Amino acid sequence: GIPCAESCVWIPCTVTALLGCSCSNNVCYN
């Protein structure tokens, strides 16, 4: 997928999750 410029190591994807991004390998991907 496309990296969403947000990490999810300590907390889940927040703002980017609203854009359809999900956590994968500690990074939010679209």
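Yeah, the Cβs are placed from backbone N, Cα and C, and that goes for glycine too.
Worth saying up front: this structure is predicted, and the values here are computed from it rather than measured.
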Tell me, from Cys21, Cys23, which cysteine Swiss-Prot puts in a disulphide with Cys4. Cys21
Per DSSP, Cys28 (disulfide bond) is which: helix, strand or coil? strand
Provide, as an integer number of angstrom, the distance between the C-alpha atoms of Cys21 (disulfide bond) and Cys13 (disulfide bond). 7
